[in-house]
Structures are given as structure tokens and as C-alpha cells.
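What follows is a short report on a single structure.
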């Protein structure tokens, strides 16, 4: 077992010397021995709660992490932080809390580690914003760290087919259109979510789980095993052991997360037809380490990456199927073979990506993952857009779309509720471009996801017949011609705020353009008449967020990151 010089670790501030006798008394009160207190302290943070199935299995896995830490010479210190689960927050004001929770999770993890002087960190997360949040905290603190996903939910079974919660969201649209009875809707909702774990398709949680392996912060294969399976405890135990190895070798998150590894992460998102939210989270992670990696940098990777994974919502299969087919490492291997992955990036194994992938072979007998030279489509499932309607950019998920160009007339709504009411009453028509504005990071505040609205549109059979544009976000589960992250946002006087009903909009996902048929002078004239809307929040966390949040194309950061860092926590 390795020996550690505690005099060189942050925890010396809470455990060494006569003046720290009161601190040590607290540890003895919790059952730790003098030997335990003399060892490195490892924070074990999870986002466990009972809000939804996504995080319900995390406390169990945390116990296995702690066993791994102790077995390798460390003293684990478990703590929980919050999470807001999008599936519950969706479709009402609660969704304003979702993206904000990313910052609170990262900040609270930072404060806990700083306040108690932990030497290393293992983070376990199971829902959309908690995954990037813990990765952000890791690179911000820069103590040796390992991320581990809590695992995906098992698919439900309805009429002999695999289903996920997204089928229920879309069934709401079918029900409102008279295409599904209340009895059938109830049958579906009762079977769609049969276990613990995050939503089962290639939605945001599973997208960011793939990112955790591709970026190098998680152990190979750890993203794939479903939450209910005992194999998750094996990876949790190994993660606890791994973080101690990283501490011994002084391999830190900023040695792992680099421009190249961020490009690897964007590549896995594109290859899996993953969530557009990754284009928000990767720039936010980059901000923590002072790297410029914005929405359009992500989009460049998306444009040149083949789409290889036939996963829901654009494809046929769920996360469990990808795991059985060969998991993230097999997909990374074929991408590496095709020259799409940087092999020289360090990972938490203490080896490079190339070394990790050395003995992995592609299995051609499965149907979920394609080889790099036999893609579902030659470019990624997500495309960046720019034009006079989105000078800072926007993003659209094209995985599963049959048509990549759309021209139509604007139907403008100043919040999601107004748009949803229109959709529920079916007061829109084929060819409309539904605009949902004032839902950006500042305007929302909180940049809500629009799954309830897009799910209802798709359920009504209109998913390919209309387009939707917003300065808000979309769930990773969204289907249809939906453009999000449009900036500058309406609340800041961006072009979305200047649109009127009937304005003609052209979207071309092949060329990567999004424009309204208005001249510069017409837009300028409208801008002179525009007046900012008063926020519906004058105090509290949501108000505070709106005062500090940056633009979506930079990841909606709430602090300057490493650019203005004076000293990093790990070196205190």
C-alpha cells in the first residue's frame, strides 16, 4: 500500500499539529482512528436524492467507492449535494432551476472540499446537470479526481417494444390530438420507467456519461452498466482505488482535461447523436481551465464526425443496448482507428487514451454501433448554426431528421407556457416556425428545456412539419427540427426579440445557417423600438443567477474561470 506525505496535502490544515486537536476530536467522534486521520482525506460526493429514479442508486455506489478508498490507504469523507431532475422539473417554472443547479452543484462541491481541505475527490452523478457540474468542480479544484456515472434506467416494455419516459412525453401529444386514449396513456406511464437510473436513451445524462469516459475523467466501461446492476459497485470500488493511485502519482484533472480531450468529448457526442446540451456543458468545463472552447468550436467537431450510434431519440436503441454491444470504449476505438480521436490524452487510468484502447476490437455482429467507415451518416448528429438570427450561434440536433432545410413563417411566443397552450389547442399549422423567446440564461432566467412542447408537437404528428427556435434549451430527448441556444438571447436585445409573426425564416442544417429575411437596416430600426422586459424574479437564487450568468455560446458560465484565477485550491 502506498504511503503519502500528509505534510504536502491540503488536509494537513485540518489534521496535523497540536493546534488541530479540536479538529481531530471531531473525526474521532465519527469513528475514525488516529491512523485514519493520518491518511489522505478523499471527498466522496454524490447527488443522491429521492426526487427521481436518476439518483436513487447513488448512495449504494458511494459505499463501494469508500471501500475502494480505504483499501488503498485513504480515509473517505462522504457528502451529498443537490440535484434538480429535469424529468420532474419539465414543463413548468421548476425548469428554471435546472441549469442553475449545475452551478450550485459545482459551487457546493467546491465549498465542501475547500472548507474541509480534502485531498482528492470521487464524484457520482446520475442526472443531466449533475454530471457536468461535478466535472466542472473537479477541474476547478484540480485535486486528483475520478468521476463515475450512476447508470441508466432499464427500458420499459409496452406492446412488445422498449420504451422510455420520452415515449410518455410524446404520448401526451398523441392524447391531446385524440390519437391515444387516457386508458392507454395510463398503461404506458405505469411501465415506462421500471428501475433506478437516468433516462435510457442518448439524452443528456447518457451523453455526458459518454463524455466522462471520452474526456478521460471516468474509468473505461464505467458509463455503460445500468443502475440496477451490481456491476456498478465493481466500478465504484475501482474508482475509489483509482483516485488513490492518481493522488500517489499526482495526476490531476487539468493534466487530463485539455483542448484535445475536450475535442474527444465533442466527438463522442456527435458520434452518438447526443444531446445538444453538451454544447453548453463542454464550454463550461473549458471555462474552468481557461481554454477557449465555445459553441462553434464544438460545432466544428460535430461537422466532421461520423454519426455511428443508432440510439434513441433519433435511432432504435437505448443505453443498455450500447453497453451490451461494446460500450463507450468500442465506439472510441473505431473513432480512433478513423483518426477522429486524439490518442495522446492522459486519463484517470494513468494511461493515455491510445493505451486504454490498445486491446479493444470492434464487434461487427452487433447492430447498435457502426464502424467509422460505415456510418449512419457522414457527419455528426448535431449541427451548429449561424446567421443574422443567431450571430453568436445556435444548435440543432439532426439525428433522425429526414429534412435538413426548413423555411417558414414565425409564430412568436414570449415564454414556453404560451407556446405550449397554442400547441395543446393545435392552433398552429404545418410550415410554422415556432419562436419561444425570453427563455435564455438571463431572460428565463435559467434557460429552460422545451421537452414538454416539442414532445407534444411530435406526438401530434407535426414533428417534421414545423420548426422551433428558442434562446432556451432542448432536452436530449427532443426530436424534430428544433434550434436552441440562439444568441444573443432575446432578453439582451438579440435578433429573436425583434421577430414578428409572419417574418420568413430560413434554416439550413447542411450549410449551418439560420437567417430571417430582414435587412440590417430593418433589424436596426426594430431594435431602436425594442424595450427590455422586466424580470419576474427580483430576489433569490434565480435572480442572483441572472446577475452573473454569461452567454450560452460560452457555456453560460457564472464566473471567469482560470483566466482570473489567483491560485488553485489543490496547491493551498
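Backbone N, Cα and C atoms are what each Cβ position is placed from, and that goes for glycine too.
The [2Fe-2S] cluster site recorded in Swiss-Prot includes 54, 127, and the single candidate from 80, 199, 210 that the record places there is 199. For the Mg(2+) site, Swiss-Prot lists 128, 129, 449; matching the candidates 86, 392, 503, 506 against that entry yields 86. Other than the site residues 54, 127, 199, same-chain residues with C-beta atoms no more than 8 angstroms from the centre of those residues' C-beta atoms, the [2Fe-2S] cluster site, are 52, 53, 55, 85, 86, 87, 126, 128, 153, 197, 198, 205.
A 10 Å cutoff on Cβ-Cβ distances gives residue 475 (active site, proton acceptor) a total of 29 other Cβ atoms nearby, all chains included. Excluding 86, 128, 129, 449 themselves, the residues of that chain whose CB lies within 8 A of the CB mean position for the Mg(2+) site are, in sequence, 84, 85, 89, 95, 98, 99, 127, 204, 277, 473, 475. Of all the recorded positions given, namely 129, 449, 475, none has its Cα within 10 Å of the Cα of residue 199 ([2Fe-2S] cluster binding site).
Within 10 Å of residue 127 ([2Fe-2S] cluster binding site), judged by CA to CA distance, lie the following recorded positions from the set 86, 449, 475: 86.
Residue 449 (Mg(2+) binding site) counts 31 other C-beta atoms within 10 Å of its own C-beta, drawing on all protein chains shown. For residue 129 (Mg(2+) binding site), the same-chain residues lying six or more positions away in sequence with a CB closer than 8 A to its CB are 83, 84, 86, 98, 99, 101, 102, 105.
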